[in-house]
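The annotation ATP binding site is assigned in Swiss-Prot to Gly9, Thr10, Ser11, Ala12, Asp13, Gly14, Val15, Asp16 on the grounds of sequence analysis.
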Amino acid sequence: MLCLGLMSGTSADGVDAVLARFQGAPDRPEWQLLSHHHSPYPAALRDELVRIGQGEARPAAALLDLAEAVTEHQALAARGADPDQRASLIGCHGQTLWHRPPSSDKRGASWQLLLAPLLAQLLARPVVHDFRATDLALGGQGAPLVPRADAALIGPGDGWRGVLNLGGIANLTLIPPRWGPQKQESVLGWDCGPANSLIDLAMEQFSDGQQLFDRDGAMAAAGRCDDGMIQRWLREPYFQLSPPKSTGRECFGQEDLRRRLQELESVERADAVATLTGFTAAVVAQDLDRLRADRSIHLLELLVAGGGCRNPVLMSELQRRCRGLAVRASDQIGLAAEAREALVFALLAWWHHRGHPGNAPAITGATREACLGVRVAPA
């Protein structure tokens, strides 16, 4: 079956669209990535999404206009990846505006901006969307949804295999080995903390909006990392939580950056970016250290996807801090780093079509597994 996956993450840089073919057993399908297209958001649209994602209020009319603009851009990206309309089903994540994990006094909720009936009409094909809602209704975090899909797409290796996505947020998947005493362990996954979100915001601030990310890690490479401050930050509450846990720009956005820059006081801009880059790597390394200590899980390799894998300084920091671990881009095993998350939502749409569960209670904390998403057909 040909499916189209559409994904825009917390970085809000645009929409990734992939056309993929799936067949066979849902848990280990035969799959082929046929095309990938990235459609950047216009600057004004991206800026508005980032501001709202950090808590800025907007009138209802403005949110409606924004939903329409996001939906139309999803359709634009879809046409770029599938100009001949070969896909028979579309899986669309939408644009997260706010994610609220469950707490002791409030159920979890998550808002992905999308007018799904409009998208189905624009593309003249059924759309599966709202993938997080069912897991949240079952008491889960609603995130991350990628780990179960990672296990299906990548499969086990000779030892524990990690897949790290470095988008706005760093999220981690751990896939048990194909043999040995731990082969029956569950797939694990959680949101580690910020990946590119703070680095990107700092670059935009320092360049007066001229640079939206640290291209090739050039700014970080010119600076010096403050490891003392990083160790202090690692003691913050979120980084002490045990999985399941999830987060987003609502926690690691402009206000969080402002506080961290104040704590760094009068350091040079390059030093600040170097420290934020090292912080991203240190958050991941700390989680992996705890995993070894608490559960005797030792990764054999760490495959890195998302825009952050194109930052050589960040990759070098990961290699330095994750001692003894082979760190490499997911491209090296045939999984295109920038296409991975869109491919996941193509798979989730196919799973919905097959009636196959898409969440994993061990990862999200939901009371049970369930088929995810809501299907909308064109009129």
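Any Cβ shown, glycine's included, is placed from N, Cα and C.
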Which one, from the binding-site residues Thr10, Ser11, has the smallest tally of other C-beta atoms lying within 10 Å of its C-beta? Ser11
Binding-site residues (Gly9, Gly14), the one with most neighbouring Cβ atoms at 10 Å: Gly9
Can you give me the residues near the recorded ATP site, meaning same chain, not Gly9, Thr10, Ser11, Ala12, Asp13, Gly14, Val15, Asp16 themselves, Cβ no more than 8 Å from the center of the site's Cβ atoms? Met7, Ser8, Tyr41, Gly167, Gly168
Below 8 Å Cβ to Cβ and six or more residues apart, same chain only. Which residues does that give for Val15 (ATP binding site)? Leu6, Met7, Ser8, His38, Ser39, Tyr41, His73, Gln74, Leu76, Ala77
Write out the long-range same-chain contacts of Asp13 (ATP binding site), meaning residues 6 or more apart in sequence whose Cβ is under 8 Å from its Cβ. Pro40, Tyr41, Arg46, Leu212, Gly307
Within its own chain, what residues at least 6 apart in sequence put their Cβ under 8 Å from the Cβ of Ala12 (ATP binding site), listed in sequence order? Tyr41, Arg46, Leu49, Val50, Gly53, Gln95, Gly168
Near Asp16 (ATP binding site), which residues of its own chain have a C-beta under 8 A away, given they sit six or more steps off in sequence? Leu6, Met7, Ser8, His36, His37, His38, Ala77, Glu338, Ala339, Glu341, Ala342
